[in-house]
Amino acid sequence: MSAPSSAIESTLVENRVFPPSEATVKAARISGMPAYEALCAEAAADYEGFWARLGREHLQWTKPFTQTLDESNAPFYQWYADGELNASANCLDRHMGTAAENKTAIIFEADDGAITRVSYKELLGRVSRFANALKALGVVKGDRVLIYMPMTIEGVVAMQACARLGAIHSVVFGGFSAKAVHERVIDVGASVVITANAQLRGGKELPLKAIIDEALSMGGCEKVRNVLVFERTKTACNMVAGRDLTFSQAMQGQSDHCEPVAVGAEHPLFILYTSGSTGKPKGVQHSTAGYLMWAKVTMDWTFDLQPSDVFWCTADIGWITGHTYVTYGPLAAGATQIIFEGIPTYPNAGRFWQMIERHKCTVFYTAPTAIRSLIKAAEADPVVHPDRSDLSSLRILGSVGEPINPEAWMWYYKNVGGERCPVVDTFWQTENGGHVITPLPGATPLVPGSCTLPLPGIMAAIVDETGNDIPNGSGGMLVIKRPWPSMIRTIWGDPERFKKSYFPDEMGGKTYLAGDGAVRSADRGYFRITGRIDDVLNVSGHRMGTMEIESALVAKTDLVAEAAVVGRPDDLTGEAICAFVVLKRSRPTGEEAKQIAKELRDWVAKEIGPIAKPKDIRFGDNLPKTRSGKIMRRLLRSIAKGEAITQDTSTLENPAILEQLAQSN
Ligand code: WTA
């Protein structure tokens with residue numbers, strides 16, 4: 001378990017409490033703690049009845065379900081299994097003939113500031129036309145479609161069009177390398193790839209299609225019949241005859257009506273790869289109904305969504321947050337949402353605040369890393385400070401992806417929220433589908449750095465290795481004791497790994513193990529997440545497996561003999577990646593070490609993507625190992641942090657190596 005950073009440690013003494021204002025409580029959907037407690041009591045009294053009610057109230061079914069939860073093949077739980085529905089119909093068609101029909105669904109702001117608005121009706125037309133294009137290429141229910149797209153309306157259209165046909169999308173974040181794309185194309189068995197010629201970020205045009213071409217040329221991708229290319233810019237890209245089509249070619253002559261394909265509730269809506277404890281990313285498989293129900297309910301509960309809201313989640317559609325709180329939740333809830341193509345620091349670091357003012361954003365949801373970098377920018381240059389923009393439209397702020405340190409929380413609360421907007425620190429994971437532990441804006445008294453309490457129906461607890469409850473005030477492992485509808489269904493193609501990763505036998509095989517450490521406060525029972533307990537790092541809110549980076553490093557077989565990767569706290573990115581490397585040649589020093597470190601960083605960027613580049617690379621003659629040959633990572637963590645080694649090193653085979661590694665920075 002990695003040690004918390006000093007900033008996070010300060011949450012241990014956090015005792016400031018910010019209750020919601022009376023007006024906020026009064027206006028909220030879940031109004032006050034008694035309303036929250038009533039929902040929890042409803043779930044406790046009749047667990048299945050509670051979820052059945054939400055399933056009926058929040059989704060439109062073509063065939064209503066009669067069973068709620070099937071636990072007969074635990075931990076492969078099924079929810080609403082005999083019901084049928086279509087996810088895209090639940091995001092778009094449901095609004096036709098209602099007040100939302102002509103409402104703006106998406107306000108798109110491009111990297112260069114150009115603004116496009118699309119109504120629900122128009123969006124339905126575009127999704128339908130694109131779905132017809134996919135259909136014409138032979139895409140049918142159950143096919144896998146890999147999406148590698150920039151943040152654009154078309155990215156959302158592509159995902160929704162797959163859902164409309166019952167095809168299973170697998171979105172790969174645009175920052176992953178050709179090698180990473182290749183691995184996912186093969187693992188998921190994609191028959192179609194959807195991409196763009198390029199993406200625009202920070203005034204730069206970066207190629208996307210070229211990366212797909214490279215990935216598909218790596219071999220084993222024969223299943224991919226077609227590549228659809230959105231022409232984001234005028235720059236020409238290579239088009240393979242008979243395989244590649246532009247969006248306009250594919251959509252030409254297609255009708256803007258496409259009957260949604262009804263699928264079973266448990267039909268996979270998507271597969272999203274995330275990092276785990278081993279070198280191979282996990283294809284997290286989500287269901288259609290349970291997932292979508294929770295996306296919709298959490299929009300209503302956590303963000304207290306009202307018809308007049310302008311919602312903005314800054315996450316990329318390549319991550320789970322972008323799936324649930326860009327592509328599905330806001331549309332299912334009938335919200336107007338902002339989609340932003342660019343980066344928060346272009347043309348300057350006031351971009352987010354200026355956009356909030358420009359679009360009168362009311363609910364703003366972003367990551368602590370972004371907040372921390374914008375604090376730094378605002379301190380350096382008052383012109384990009386949030387006080388230069390009119391942020392009075394805001395009413396709720398959200399945080400996601402990593403622990404938010406109280407200092408950043410307070411700055412966000414004061415300078416962005418004007419001490420008026422509740423900050424919902426939402427804890428959840430790719431595997432959870434939607435929020436699981438979070439404050440409710442019109443109910444929960446807030447404590448900076450704490451995600452507070454589980455949502456009604458989520459049976460979160462903190463336990464020891466054998467699943468016994470740990471008293472408040474002591475740390476342990478975060479678990480969820482009962483299945484819930486939006487949970488991961490399996491790891492695509494690897495049900496054994498699913499069981500082993502999330503439902504340890506030592507805990508009885510039915511308790512969901514989150515992989516995070518947590519502690520509940522002695523007074524309120526509030527949860528505070530202390531960080532991953534496995535070999536997963538959280539860098540700028542992105543999940544990275546240490547083993548994945550190690551595998552990438554040792555794949556440079558001409559140079560690297562051995563590598564170990566650990567995290568160390570970083571004020572800006574939360575955690576930073578540190579690699580300890582043993583070369584096949586003698587240990588380099590000085591300029592030469594710098595040169596080789598750069599070479600290795602570029603190599604990792606090629607193997608996985610720029611987000612996985614180690615910040616520190618240290619070279620040693622070997623690595624600290626036990627006599628049985630196991631790398632002692634806890635020692636490496638201390639060295640990475642620059643700490644004196646206080647741990648017991650008696651089992652260490654080669655103690656002198658510690659000194660060498662400590663000095664090799
Ligand atoms: C971390 C992102 C503290 C945690 C939605 C989790 C958080 C991992 C929070 C999942 C939070 C996410 N406070 N830690 N509010 N939200 N995490 O799958 O370690 O990309 O296990 O999902 O991010 O990352 P993932």
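Numbers here mean position along the shown chain, with the first residue as 1.
Yeah, the Cβs are placed from backbone N, Cα and C, and that goes for glycine too.
Here TrEMBL flags Arg201, Gly202, Gly203, Lys204, Thr321, Ser540 as CoA binding site. Taking a C-beta cut-off of under 8 angstroms and a sequence separation of 6 or more, Arg201 (CoA binding site) has the following same-chain neighbours: Asp111, Pro150, Glu341, Gly342, Ile343, Tyr346. DSSP assigns Arg201 (CoA binding site) to a strand.
Sequence annotations record features per position, and here TrEMBL assigns ATP binding site to Gly401, Glu402, Pro403, Asp425, Thr426, Phe427, Trp428, Gln429, Thr430, Asp516, Arg532, Arg543. Annotation note: Thr426 (ATP binding site) sits in a strand segment as assigned by DSSP.
Annotated Mg(2+) binding site per TrEMBL: Val554, Val560, in sequence order. Within the same chain, the residues at least 6 positions away from Val560 (Mg(2+) binding site) whose Cβ sits under 8 Å from its Cβ are Leu553, Val554, Val581, Val582, Leu583, Lys584, Leu600, listed in sequence order.
According to TrEMBL, the domain 'Acetyl-coenzyme A synthetase N-terminal' annotation covers 36-91. The DSSP breakdown of the domain 'Acetyl-coenzyme A synthetase N-terminal' (36-91) into helical (H, G, I), extended (E, B) and coil residues amounts to 27 helix, 7 strand, 22 coil.
Feature annotation from TrEMBL assigns domain 'AMP-dependent synthetase/ligase' to 100-484.
Mean pLDDT of the predicted structure over the domain 'AMP-binding enzyme C-terminal' (548-630): 95. Marked as domain 'AMP-binding enzyme C-terminal' by TrEMBL: 548-630.
Look at TrEMBL and you will find Lys630 tagged as N6-acetyllysine. Neighbour list (Lys630 (N6-acetyllysine), Cβ cut-off 8 Å, at least 6 residues apart, same chain): empty.
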Checklist outcome for this item: Record-annotated CoA contacts Arg201, Gly202, Gly203, Lys204, Thr321, Ser540; largest Cα to Cα distance in whole Å is 25
Item to check | Maximum Cα-Cα separation in Å among residues Gly401, Glu402, Pro403, Asp425, Thr426, Phe427, Trp428, Gln429, Thr430, Asp516, Arg532, Arg543, which the record lists as binding ATP | outcome: 18
Checklist entry - Near ligand 1, which of the binding-site residues Gly202, Gly203, Lys204 are found, taking a Cβ distance under 6 A to any of its atoms? => result none
Checklist outcome for this item: Gly401 (ATP binding site) sits from Gly202 (CoA binding site) (Cα to Cα, rounded, in Å) at a distance of 22
Checklist outcome for this item: Reduced to three DSSP states, the domain 'AMP-binding enzyme C-terminal' (548-630) has 28 helix, 27 strand, 28 coil
Checklist entry - Within 10 Å of the Cβ of Thr430 (ATP binding site), how many other Cβ atoms can be counted across all chains shown? => result 19
